[in-house]
Amino acid sequence: MPKMTLLTSQPFIKKFIISVSFGLIGLLFSGYAIRIPFGDFQLNFIWSIAFPLVITLAYGLRFGLLSITCGLTFLYPFILGYMNGYGSFVGMLVLYVWIVFHGLGKYWRETSPTRLNHPITIQLAYSVVRFIIYATLFQPLMTLNPPPWNLEAFPSIQSEIVWYFSVRGIFMEMMLLLIVDTVLLLPRIRQLFNLETDESMRYNGRVLTGFLGGGLLFISFILAVQYTLIDEVPLTEWLLPPNPKTALTLFLSSFLFMIMAGVTMRYVEKTLANERAFKTTYERYQAIFEQMQDIYLELMLDGTIVNASPSIYSTLDLTENQLIGTNFCQLFSEVKGKAWLQELEQQGGFIEKKMTVLAHSGKTLVWSIHLKKIQLKEGEPRLVAMIRDMTDIEEAMKEVTRLNSDLERRVNKRTKDLHASIETLERFNYVVSHDLKTPIRAIDAYTEMIEEDEHNLSGETKDALASIRHIVADMIRLIERLLHYSRVNQATIEKERVPLQPFITEVLDQLRLSHDFTVIFNKPLPTVLGEAVLIKQVFLNVLDNAVTYKTKDEPLLLMIDSVETEDTLSVLVTDNGCGIAKDDLPHVWDLFTTGHQKGTGIGLSTVKRIMEALGGSVQLESRLKKGTTVTLVFPKA
């Protein structure tokens, strides 16, 4: 099936046919203008050109131009002003300008309606342009006569007649606009043009009929009284047919009544639309009001209830007749309610209370009451009470409080048990570690005594004794580290300002006795807040690890730097040692866990424990065979 284009769509075809038809009507009936004698002239009212204007106001500029062009309405000046010759082009030009002005006005109103694009404003602007066109072009074109289609055309026309035609046209087109604008308010007319209709337009036809019919009957009655009763003129002389005075009166009256009908129709439309919007809004809020769970009370200043939400009736088992007219204080203690009203005045018109009430079911309810003084639009002050049932929330809060208390009790008990267990373990660790040193040192002493009798020992025995002393030394070192680890939590830390530079220098001097390395300080080290003994132990463990686990391929290089922030001082110790495997990094802080075969797994655990006890932290970054960086973060002194 071929795709339907705009030009072949049914809506376009219908609009096109109607537009051309109305244009033809405008041309064909232009010769049937209403002619009303007016002094020495005749007032010609060319009503048929209103048909293209209807199209323009209904469909827009494009179809308005189609109507006067394809419908040939643009030829009417050449028919009615046949003797004007080339001057008829002025009439054709102002017809196109008229349609263009109102076509653009319709577009502007649809985009952003303002007073500047109102049809009356557009018509006034067009009237100025029309007057200028007639004043500047009509006479010059008349001098070009005769044209080929009329060799007898007037070579000129008096200026007074030109002014008359210009003013008559302005007046006529203004009347046509007002009539068309009124007619387009009728629902049946709008349906003919597929324009949007609304329920608020349902009385427009009756309004127009009433104004025109009633108005003309009233004017006819006035004329009848004037002519028949007062002037005693026979009916055949002033109405059948109407004389010039009667015709002009009826014509102008019809025009006036149509304008009045248009104004009234718009007023009625707006009123009905507002009523419908108000009704819709009222029904929506009434539905919300009737279904709301909270209780709403509207009170007089003395506490008399004048309105209440239905939710209170089901809560207190009261009917509307029982509640409305009673005093708000009667819902609670009389004394308490009056005290609230007095407090409301003292607090500037708003108070919030919480109290318990007994529902008809026998259940005790907890209500949160917001009482506020408001000013209605009518000027009468009122009190508004918003009541929310907080029973479930209160019960939930009590349950939360109970659970929190129970949880806190259990946490305290478990914390106490945990502290007791930790204290027992640390005491056990300290005692065992301390007591183990005595027999191990005895083993070392006896081994040394045996070694003194070396001339009676074989080589194999000497090697065995050396192994024993080496194992004993490792055991003593392990016990010492366990003692350091256990002392961290047992000791009470007394913080002081500790300069790091002398401590680290002392530790490095001790390590140089057994290790060969180079140290680079990027900047002088700061003073930190902590305990000197513990801080020295931290650097001893960190630097001992650095010099112990070095590579065999290159000399050991230590780089020590510091970074200062607003709250902390960080010391970075970087080595080019053997590093730690990526899989072992998460476990370096665990007790008895080490990434090296020679390690005890206590040193870094002790460092972490001391730093946390000092209120700081420790971080470690390492790559296997690339080296390690330990960052010690201290609180600022």
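Placed from the backbone N, Cα and C atoms, the Cβ positions cover glycine too.
Of the listed segments 60-80, 207-227, TrEMBL assigns transmembrane segment to 207-227. Summarising model confidence by region, the domain 'Histidine kinase' (431-637) averages a pLDDT of 78. Sequence-distant contacts of the transmembrane segment (247-268), counting only residues of its own chain at least 6 positions beyond either end whose CB sits under 8 Å from a CB of the stretch, comprise 34, 36-38, 43, 45, 175, 178-179, 181-182, 185, 200-201, 203-204, 207-208, 210-212, 215-216, 219-220, 223. Most Cβ pairs under 8 Å to the transmembrane segment (207-227), among the stretches 12-35, 41-58, 89-108, 161-186, belong to 161-186.
Within the same chain, residues 6, 42-52, 54-55, 59, 63-64, 66-73, 75-76, 79-80, 193-194, 251 sit at least 6 positions outside the transmembrane segment (12-35) and bring their C-beta atoms closer than 8 Å to a C-beta of that stretch. When Cβ-Cβ distances below 8 Å are used as the criterion, the transmembrane segment (41-58) is approached by residues 18-19, 22-23, 25-30, 32-35, 64, 66-68, 71, 73, 76, 80, 95, 98-99, 102-103, 106, 119, 164, 168, 172, 175-177, 179-181, 183-184, 193, 195, 248, 251 of the same chain, each at least six residues removed from its ends.
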